[in-house]
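Below is one structure, written out as structure tokens; the observations come after it.
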Amino acid sequence: MSKYDIIVVGSGPGGYVTAIRASQLGFKVAVVEKESLGGVCLNWGCIPTKALLKSAQVFDYLNHASDYGLKVEKADKDFSAVVKRSRNVAEGMSKGVQFLMKKNKIDVLNGNGKLLKGKKVEVTDKNDKKTTYEADHVIIATGARSRELPNLPQDGKKVIGYRKAMTLEKQPKSMIVVGSGAIGVEFASFYNAMGTDVTIVEYLPNIVPVEDEEVSKQFERIYKKKGIKIMTNSSVESVDTSGKNVKAKVKTKKGEESLEADIVLSAVGIKTNIENIGLEEVGIKTEKDKIQVNDFYQTNIPGYYAIGDVTHGPALAHVASAEGILCVEKIAGMKVEAIDYGNIPGCTYSNPEIASVGMTEKQAKEAGYDIKVGKFPFSASGKASASGAKDGFVKVIFDAKYGEWLGCHMLGAGVTDMIAEAVLGRKLETTGHEVLKTIHPHPTMSEAVMEAVADAYDEVIHL
Amino acid sequence: MSKYDIIVVGSGPGGYVTAIRASQLGFKVAVVEKESLGGVCLNWGCIPTKALLKSAQVFDYLNHASDYGLKVEKADKDFSAVVKRSRNVAEGMSKGVQFLMKKNKIDVLNGNGKLLKGKKVEVTDKNDKKTTYEADHVIIATGARSRELPNLPQDGKKVIGYRKAMTLEKQPKSMIVVGSGAIGVEFASFYNAMGTDVTIVEYLPNIVPVEDEEVSKQFERIYKKKGIKIMTNSSVESVDTSGKNVKAKVKTKKGEESLEADIVLSAVGIKTNIENIGLEEVGIKTEKDKIQVNDFYQTNIPGYYAIGDVTHGPALAHVASAEGILCVEKIAGMKVEAIDYGNIPGCTYSNPEIASVGMTEKQAKEAGYDIKVGKFPFSASGKASASGAKDGFVKVIFDAKYGEWLGCHMLGAGVTDMIAEAVLGRKLETTGHEVLKTIHPHPTMSEAVMEAVADAYDEVIHL
Amino acid sequence: RGNQFYSPLVEQIAKDYHISYEELARIPASGQNGRLKKSDIFNYIENGRPF
Ligand SMILES: Cc1cc2nc3c(=O)[nH]c(=O)nc-3n(C[C@H](O)[C@H](O)[C@H](O)COP(=O)(O)OP(=O)(O)OC[C@H]3O[C@@H](n4cnc5c(N)ncnc54)[C@H](O)[C@@H]3O)c2cc1C
Ligand SMILES: Cc1cc2nc3c(=O)[nH]c(=O)nc-3n(C[C@H](O)[C@H](O)[C@H](O)COP(=O)(O)OP(=O)(O)OC[C@H]3O[C@@H](n4cnc5c(N)ncnc54)[C@H](O)[C@@H]3O)c2cc1C
């Protein structure tokens, strides 16, 4: 029986990053994967959706070429080429992980992994051959899949999940997107740009409901201007797929409405992959669909760990990676600091983009802070004017007493690359003053951060 | 005679920002401007060039639409529409400054300002009417203009400066750009994208010579791939404009070469506007074409100050603004900290963009530091792959002893919005460790910063 | 201000509670490289400023 220092089950951004860091730290490592290296993120999540959204952005430029002094005779999309490009990008990334595994001398065990007692993992390959491996430490990183609602069963044809939504053979004329989290609005953004008639149905009062209310409201206005229909405080009661289209019964505050579309995309969250992986046999505790772990990702059974989507905390790729790195650094005996879950950026790569970190205004107030709020709209930014990207704003929230940067919320072009400043600033426990006196280059979108802080302290220049 | 607390001469990003901050602090302020509000930056610099470069970027997308699964039958630019858009953006910004002046109750005195003894300013309007104003503090912010070399006299037709270069009626078929600082390479980028045959002539061994050598080298390779001809270690000895084209004699290491082009753009730096503004009469000291000031922008004569391009330090808009703000905050008696000129970001908005802050590798070594260097290429970034923007890298330099972040150098799409993280981190005196443990969102270009830092400490994941 | 670097936030809190740099230097720091964090200083205050 082959013996490893560490076996990681699942090769998503949790698993494969964990394996690389473990190998760097001198461990002998194997990673078990039943599908494609890179997990949801590289194959069905972060990466392929961003490729689609890039095509959407470029298509948007084609359609507005004259705004920039340019002429286009006939702009069109080749839907299947757009999808194919996305698949190629994903494949390339997955191959990249393969290369990284080799380079770091990590064994890839292809097959379905199941935990056994005594820190063993049984791997069943595609020919149903079972092999058992032993390790000092077993790390569970089996991730998650699309959640199915009982009244919205996915048939993979007319009612689909995210995988199908990024590989449709034909562009639908109309689409109902159920759920307006990051995944839902990103697909809405993509299909709207492609020319599909999109309707978003959201149960809560605001779309992108985890964001600051001002972001949600402004985002909703912009989406509506683009022609996306938005139904908030609404839920899909049932779908009828018997006809040519799908018919959806939607319960709204005003009563029931009937919608029809080519396709319904269910984007109502995720379901963790915790079934049939041996948790019960080993005795590993779960709670509300998640594997229970402590600050260092140790489960209740010594030698077994869990990281990524399969545990509590936001289901994000960068969180999965950070958890995995911390987990193995702790195993290696390094002095580590637990992750501050209050300082994790969240991004939505729609058009315009959303990025945020820390508390929303409402959360800060509810937490009892006396706050200073500042806001700077891109409509007042020189760079935004030059770029034709005046939608959105940066909003900052500070504790009035000590000046702590409680939250930062951004809506606009390129903000997903701008939020890092706020995350680092908060990590370093800055106050508003230092941000204000940090000379931001002109002309950039990032100046809006400095100006928003200035606004919080009544020193804003360009408003 | 009208009396003000503060009179600012010149309304560029130095002058108008100074005036606004002064007004916020309760001063009665006037600003003297002989041309357009907003100075070079808004009217002839930062803003109109970024508008042109945006059109170039979109045109690039049109020409590469098929890379994104899109189809374009006939893409073309309307050169004069591109220029017109740029002028409209600049005009809009200048009007914005007008609005800000009004809102902040700042008097705009149109005309040519000249300093008189006794903290007076004489303003000559376009009808040659002279009015004298008095103030407690006079701030000189008269900026700079294109520098003319004796062997490269600008005739405004075939040998031009930056103003003409952004308002040409007809797109030149070929252009020689003399000087490869930010301004030179930005125009080279724009005209190359538009289809003009561009040759850059640079006196020093590398283009963008203030940047880290690795940035310069990689940038040169990318530019050459785009078809831009680059002659380094070369200087224009003379130009002959007598024929239909311009003929330029260029001295290279290998001997003299003769070039021909429709137009020569002289982008060899700036000359400050310090003539005929009364410096000699008042007795204000200058040195090497710059007004001498201390840390708080006070000249040798009490009550007279100077900020922006007209003083020492990098000729950048954000520097001018920051100097002006500090100057009036000091006048107001606030406790202020002098600007750290070692922590000023510099950006070049070419394609790809360049952004940097702090020391280059060479400078760090010359300063005697024992350094750790890390580099992460965008070719290994998932977001860059998805966006089709794999050119470039992030390079970081740390002091090996205490971990100080000595420098950060970026080349790639959108990096001008990403450098703020490094500027703030350095302001807060971070070490590499905190940056590494700051969870950057996935998938973003900004992850490259974290990965470059990881590389410096041999912990990089995706290489 | 001693030889230690304190984050701007820690400085603000220290000022508010009249904690001197000498006192700050005695507070156990949980951040990497002995970086004193907001949570450290508040723990210390809650514990009745034992040092
Ligand atoms: C459409 C979409 C877009 C997204 N966009 C983003 C984004 O932009 N940014 C972001 O941060 N997050 C995004 N996410 C979320 C992100 O993909 C997840 O948070 C991330 O993939 C979780 O990583 P993980 O390693 O925990 O699990 P996963 O990526 O789910 O990987 C788990 C792996 O384990 C394998 N596996 C499962 N069970 C077994 C078993 N028994 N044996 C062997 N192998 C097994 C699976 O095949 C899979 O490869 C997106 C998700 C979706 C669906
Ligand atoms: C093509 C180009 C692109 C640039 N791009 C960037 C960039 O992207 N980012 C960046 O940071 N910097 C950029 N710069 C540099 C930037 O424009 C300058 O650093 C900045 O404008 C300096 O500001 P200032 O206020 O000191 O002077 P200026 O902007 O030069 O303003 C001086 C003002 O004073 C007025 N004036 C002069 N003399 C008198 C007088 N006697 N009486 C009354 N008024 C007077 C002038 O008319 C002018 O309006 C660029 C420059 C150029 C030329």
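Heads up, the Cβ atoms here are built off N, Cα and C, so glycines get one too.
Whatever TrEMBL says is automated annotation, not expert-curated.
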**Study point:** Residue in A:GLY111, A:GLY269, A:GLY278 which TrEMBL records at the NAD(+) site where A:GLY179, A:SER180, A:GLY181, A:ALA182, A:ILE183, A:GLY184, A:VAL185, A:GLU186, A:GLU202 also bind
**Key:** A:GLY269
Check your understanding: Of A:CYS46, A:CYS327, which cysteine does TrEMBL list as the disulfide partner of A:CYS41?
Key -> A:CYS46
Check your understanding: Taking A:LYS50, A:GLY113, A:ASP309 as the record's FAD-binding set, what's the max Cα pairwise distance in Å, rounded to a whole number?
Key -> 30
Check your understanding: Any idea what the Cα distance is from A:CYS41 (disulfide bond) over to A:GLY113 (FAD binding site), rounded to a whole Å?
Key -> 19
Point to revise | A:LYS50 (FAD binding site), number of other Cβ atoms within 10 Å | key: 23
Practice item. Filter the recorded positions A:CYS46, A:GLY113, A:ASP309, A:HIS442 down to the ones with a Cβ under 8 Å from chain B's Cβ atoms, keeping sequence order. Key: A:CYS46, A:HIS442
Practice item. For the domain 'Pyridine nucleotide-disulphide oxidoreductase dimerisation' (A:344-452), jot down how many residues DSSP puts in helix, in strand and in coil. Key: 38 helix, 33 strand, 38 coil
Check your understanding: Got a sec? Which of A:CYS46, A:GLY113, A:HIS442, the recorded positions, have CB under 6 Å of any ligand 1 atom?
Key -> A:CYS46, A:GLY113
Check your understanding: Looking at the recorded positions A:CYS41, A:CYS46, A:LYS50, A:GLY113, A:ASP309, A:HIS442, which have a C-beta within less than 6 Å of some atom in ligand 2?
Key -> A:HIS442
Study note, to complete from the structure: Cα-Cα, A:ASP309 (FAD binding site) versus A:HIS442 (active site, proton acceptor), nearest Å, comes out at 39
